Amino acid sequence: MLLALDVGNSAVKAGLFSGDELVRVFSVDPPDADATDASYWRAELDSALADATVEHAGLVSVVPARTDAVARGLRGVVDAPLTIVAPEMALPFTLDYDTPDTLGTDRLAAAAAGWTRYGRDASRSVIVVDAGTAVNYEVVHRTGTYRGGAIGPGAVLMRNALQAGTAQLPDVPLHLPETPVGSSTRTALQSGILWGLIDSVQGMAARLAAQLPDAPRLVLTGGWSNPLIDHLTIEAAHAPHLVLRGVRLLAEKNRA
């Protein structure tokens with residue numbers, strides 16, 4: 001089996017693949033004190049992978065301080081090659097990005113999976129939206145060229161910024177209200193954050209699409225993709241775990 005790891009800002013998400021089939025997904029949300037402790041990751045991964053035979057692993061990370069700890073923890077559990085995704089590896093598209101050394105590898109994985117699954121065979125441009133802690137937009141031109149995209153705040157960051165930057169606005173649970181007209185401070189915040197996120201994604205998708213020569217395929221993924229797919233008024237594909245699928249794809253493509 002192939003193990004795909006996505007070391008994110010809030011948690012480490014993992015997927016086990018048999019061929020191209022995703023057979024199991026799990027996540028680990030470490031306490032801050034343990035996030036860079038290799039022995040913690042060794043214990044967590046040893047438990048999670050007790051019944052799995054891992055023959056190859058791939059990893060993307062947006063938290064450099066955790067990358068080495070997770071990798072060392074994994075190497076203490078499985079005797080398998082580990083491919084760490086990087087912009088200089090073999091990719092399913094050409095990079096047209098001014099600063100590839102700063103390109104998040106989670107973005108690269110999402111774009112690779114989105115292009116391969118939804119755009120390449122049809123020679124159709126693709127826009128991937130990964131809605132998590134941040135909202136990442138990836139643009140792949142129909143010629144197979146990654147053009148870049150955009151990065152914005154996700155729902156949790158918006159809520160935290162409003163709470164931290166104001167004197168009286170409370171912390172609120174992130175539930176989408178039925179109407180955008182908030183009749184209380186709580187529902188007004190929920191509306192501004194979540195309906196605002198939905199409209200932001202819809203507006204950005206349209207702006208990015210206008211830069212392309214064809215009608216691109218819009219693909220949604222990430223932890224906040226469910227309310228988006230339910231409420232956008234434009235057509236989109238829903239592709240859960242797209243980053244993990246991209247990690248698998250790139251690890252296989254670059255397997256020694």
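Here the Cβ of each residue, glycine as well, is placed from N, Cα and C on the backbone.
Here Swiss-Prot flags Asp6, Val7, Gly8, Asn9, Ser10, Ala11, Val12, Lys13, Thr133 as ATP binding site, drawing on sequence analysis. Its Cβ placed at the centre, Thr133 (ATP binding site) has 19 other Cβ atoms within 10 Å. Reduced to three states, the DSSP call for Thr133 (ATP binding site) is coil.
Spatially close to Arg107 (substrate binding site) yet at least six residues away along the chain are Asp130, Asn136, Glu138, Gly149, judged by Cβ distances under 8 angstroms. Swiss-Prot lists Tyr97, Gly104, Thr105, Asp106, Arg107, Thr185 with the feature substrate binding site.
Among the features that Swiss-Prot reports, active site, proton acceptor is placed at Asp106. Its own atom aside, the Cβ of Asp106 (substrate binding site) has 28 Cβ atoms within 10 angstroms in the protein chains shown.
Marked as K(+) binding site by Swiss-Prot on the basis of sequence analysis: Asp130. Within 10 Å of the C-beta of Asp130 (K(+) binding site) we count 31 further C-beta atoms, all protein chains included.
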Structural state of Val12 (ATP binding site), classified by DSSP into three states: strand
For Gly104 (substrate binding site), the three-state class that DSSP assigns: coil
Pairwise Cα distance maximum in Å, substrate-binding residues per record: Tyr97, Gly104, Thr105, Asp106, Arg107, Thr185: 42
Coarse DSSP state, helix versus strand versus coil, of Thr185 (substrate binding site): helix
